[in-house]
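Under the heading substrate binding site, TrEMBL lists Arg36, Gln37, Ala38, Gly39, Arg40, Asp85, Tyr160, Ser215, His335. Summarising the annotation, TrEMBL assigns domain 'Uroporphyrinogen decarboxylase (URO-D)' to 31-40, 148-164. Per TrEMBL, site 'Transition state stabilizer' is recorded for Asp85.
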Amino acid sequence: MTNSAPVSARRDLADAPLLAAARGETPRHTPVWFMRQAGRSLPEYRKVREGVPMLQSCLTPDLVCEITAQPVRRHGVDAAILFSDIVLPLHAAGIGLDIVAGTGPVVAEPVRTAADVAALPQLAPEQVGAVGDAIGLLLAELGRTPLIGFAGAPFTLASYLVEGGPSRNHERTKALMHSEPRTWHALLEKLADTTLTFLQVQLAAGVDALQLFDSWAGALSLRDYREFVLPHSRRIFESLTEWDVPKIHFGVGTGELLGAMRSAGADVVGVDWRIPLDTAAQRLRDAEPGRDAPVVQGNLDPAVLFAGWDAVEREVRRILAEGEAAGGHIFNLGHGVLPSTDPTVLTRVVELVHSITRR
Ligand code: 1CP
């Protein structure tokens, strides 16, 4: 796919707080959005999803457009994130998997041998054409709110494929990595290609920023991350440098990996609640002393949203102060919105972040 023609489709949102913050500039207020803001915490989401399987929803452009826009309308967040899933491109490529309510992605035939890896189909752009169509609808719908596209990073996708579903310890994945490194690298190379194709379709359709989710990378030591994962995630970022949009790299429990994750080529590093943002930023500076000041995203513990407003406000203020000390900051949770979260608390968090940081 070429990168040239469709760039003109991109909206000029230079003053949007999310994009200014991601570029290291001073936005008019600290931008705020929430991972998993579209979805199960919203009654309007549950209503439109009734009777439509998850993967089918992700391939139905008007439904994707509606669900993606819902949290923007309700909360006034500074960005929309495309309603989709990290396993969608695997499904679209023809890999047998389903998203099972209450469990998550379940793979019909887990990938565990060199022959399994060789037989994995690759994604063709037209197989996710519906996602491009949904983005086209969204650019008209969202006005001046940036749209974040996303994909799963090769390690996190590999974990679902090798384990066959969600995993606590990733033991089969790590066993493959250490016992058959060539098969492992072949698998990650294929997954990186699929992720790249999925992101290029989104970029060509006009997304304003993107986030690479390596949600489960925090299960790895820095040594293993560097050897078995980083080269593949880096290839993804490097292949996208021509697209002048901010690129965010996020994982859970990645306090020890932050420097490596930025060095993959990210402009913004997502941080979970286990490490203060100013400490995270210091680690990023120490890891790459020659680079521009880091921009961090995070990191309110999603469980704190259940603790009553006084606790929420206290934590939001602490995080904003630590974000200020960090340098550039995009406010978010440290991981996704939990399904039973009261959405009115999320709206109040947006209002609070905006009112405290308005410049
Ligand atoms: O029927 C349903 O409603 C299914 C629930 C659901 C939803 C709403 C799943 C299944 N995925 C999604 C949407 C989704 N997935 C979004 C929507 C946009 C938004 O953020 O508002 C995004 C960004 C994702 C990405 C995703 N899927 C990640 C990375 C983010 C993260 O949470 O770390 C991961 C790990 C997945 C896998 C997945 N899909 C669904 C579930 C329940 C899971 C996690 C399962 C597990 O614990 O391993």
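For all residues, glycine too, the Cβ spot is worked out from N, Cα and C.
Curation plays no part in TrEMBL annotations; they are all automatic predictions.
For the pair formed by Arg40 (substrate binding site) and Asp85 (site 'Transition state stabilizer'), distance between Cα atoms is given as 13 Å, rounded to the nearest Å. With a CB cut-off of under 6 A applied against ligand 1, the recorded positions Arg36, Arg40, Asp85, Tyr160 are reduced to Arg36, Arg40, Asp85. Counted with DSSP, the domain 'Uroporphyrinogen decarboxylase (URO-D)' (148-164) comes out as 10 helix, 5 strand, 2 coil. Classification of Asp85 (site 'Transition state stabilizer') by DSSP places it in coil, neither helical nor stranded. Residues Arg36, Gln37, Ala38, Gly39, Arg40, Asp85, Tyr160, Ser215, His335 are listed as the substrate binders, and the farthest two of them sit 22 Å apart at their Cα atoms. The most densely surrounded of the binding-site residues Arg36, Arg40, His335, judged by C-beta neighbours within 10 angstroms, is His335. Each of the recorded positions Ala38, Asp85, Tyr160 was scored by other CB atoms within 10 A of its CB, and the lowest score goes to Asp85.
Cα to Cα, Ala38 (substrate binding site) and Asp85 (site 'Transition state stabilizer') are separated by 11 Å. Taking the Cα atom of each, Tyr160 (substrate binding site) and Asp85 (site 'Transition state stabilizer') are about 13 angstrom apart. When DSSP labels each residue, the domain 'Uroporphyrinogen decarboxylase (URO-D)' (31-40) comes out as 0 helix, 1 strand, 9 coil, counted as helix, strand and coil in that order.
If you take every residue in the domain 'Uroporphyrinogen decarboxylase (URO-D)' (148-164) and average the pLDDT, you get 98. In the three-state DSSP reading, His335 (substrate binding site) counts as coil. The separation of Asp85 (site 'Transition state stabilizer') from His335 (substrate binding site), Cα to Cα, is 15 Å. Asp85 (site 'Transition state stabilizer') is 10 Å away from Arg36 (substrate binding site) when you measure Cα to Cα.
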